[in-house]
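K.L.:
Sharing a structure below in structure tokens format, with a few things to ask.
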């Protein structure tokens, strides 16, 4: 197959999630509404900054999560929505590179979900040690660690992938640029590199997910020892909703980033990507914040 040198003037073509031309305007409206709801839900969480009593470690982490989700959904959905009304559906080489970097960075920073579960674990299982284990310094360290590690990981993968020789065909069978969707376009063996992607996925995605499961398991054990039935019901409801949204995000991303590209099926990948690129940022503000009476107050 012919290869083509990558230049900033080159373009990719995004096939998108749907191929129904007569429904483009309806799909544009639908995705715009979803995007607006997700954006407004996450913006509301930033009102926490106006309420001094809510300046606690838990709400500090929630604030960070809402900012990540706003950026996360803004990285992919506006371009996806614009493509419903566009005939070209192109994205520049540089634009694709930026989108891949941002998506990897923000996706990795969702590890804050793990830190939030740790916060609840400490608050319920070790309340007397909470001021020490969740001090302002430790919270800042958690957030800094999440941003730094995900940014470095994203930069390494983005720089490596976009220096690979792409084939003449620049058609990406996806609705945004991400590493797995770009692999079929590369005109050389990428099996060794895929081991690196697998390792990164296990560290960036699996470890936080395991931490979430372990934290909430301990919380549920402590809750079941409570004498208050109302407290048990509330804790179980909260933990279960948090586990569902975390499982949705991490299950979908692990499915995408821990498989070699030969086992990827574009139509299936696009459906799975909807869960971690659109549904999760939409659900997070409602699951983690807007069900909270203190936040709503």
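Indices start at 1 and increase along the chain as displayed.
Backbone N, Cα and C define each Cβ position, glycine as well.
What you are looking at is a predicted structure, and each value in this text was computed from that prediction instead of being measured.
OK, TrEMBL features for this one:
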type: DOMAIN; residues: 41-288; note: domain 'G-protein coupled receptors family 1 profile'
type: TRANSMEM; residues: 26-48; note: transmembrane segment
type: TRANSMEM; residues: 98-118; note: transmembrane segment
type: TRANSMEM; residues: 138-160; note: transmembrane segment
type: TRANSMEM; residues: 198-223; note: transmembrane segment
type: TRANSMEM; residues: 235-253; note: transmembrane segment
type: TRANSMEM; residues: 273-290; note: transmembrane segment
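Where in this structure would I find these features, and how exposed are they?
P.N.:
A mean pLDDT of 87 is what the model gives for the domain 'G-protein coupled receptors family 1 profile' (41-288).
Nonlocal intrachain contacts for the transmembrane segment (198-223), taken as residues 6+ away from its ends with a CB within less than 8 angstroms of a stretch CB, comprise 107-108, 110-111, 113-114, 117-118, 120-121, 124-125, 149-150, 153, 157, 231-232, 235-236, 239, 242-243, 246-247, 250, 253-254, 257-258.
Taking Cβ pairs closer than 8 Å, the transmembrane segment (273-290) reaches residues 17, 31, 34, 37-38, 41-42, 44-45, 62, 65-66, 69-70, 72-73, 76-77, 103, 107, 110, 116, 174-176, 178, 241-242, 244-245, 248-249, 252-253, 256, 296 in its own chain, all 6 or more past its ends.
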K.L.:
If contact means at least 3 Cβ pairs within less than 8 Å, sequence distance 6 or more, would you call the transmembrane segment (98-118) and the transmembrane segment (138-160) in contact?
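P.N.:
Between the transmembrane segment (98-118) and the transmembrane segment (138-160), contact is present.
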